[in-house]
Amino acid sequence: MAHETSRSRRSSALFSNLQRLTALVGGAVLTLVGVAGFLASGDQLLVFGVNPLHNGFHLLTGVFGLGVGLVGTAYADEYNQTMAVLYSALLLGWFAAPDRMVELLNSGAADAGLHAALAIVFGLVGFFGAIAGYGRT
């Protein structure tokens, strides 16, 4: 059996904390965006489109992230991976059928850009940590 060095333990703990921090911060931001979307007058929040389904999606995924982040690191990697897949799917949906995405979620180009950024951040943290073996602690 290989002996784990203190450096690899620190690295593992750091990445587990990054998994948790990403879930917690991502969850907080998504929750705030979901609530703000419901409070916005009209169908825009700054440059982003909003509607009840879109707001509900952000609120649901945000509250879930907050829960995962507050409970600990146990499932933070899975949350981050799931968010990467979900936001990638939204982005692909926007490219495949932009009119349908506008119809369903009032999701425009600004939303697509943001969803791409979310998919990248959640994916890098979620999948890189899992591949490197830095998931649950």
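Including glycine, each Cβ sits where the backbone N, Cα and C put it.
Curation does not apply to TrEMBL; its annotations are automatic.
Taken from TrEMBL as is:
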TRANSMEM  21-41  transmembrane segment
TRANSMEM  56-76  transmembrane segment
TRANSMEM  83-102  transmembrane segment
TRANSMEM  114-134  transmembrane segment
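A Cβ distance under 8 Å defines the sequence-distant neighbours of the transmembrane segment (83-102), meaning residues of its chain 6+ beyond its ends; these are 26, 49, 61, 65, 108, 111-112, 115-116, 118-120, 122-123, 126-127.
Beyond the ends of the transmembrane segment (56-76), by six or more residues, the same chain brings 16-17, 19-35, 37-38, 83, 86, 105, 136-137 to within a C-beta distance below 8 angstroms of the stretch.
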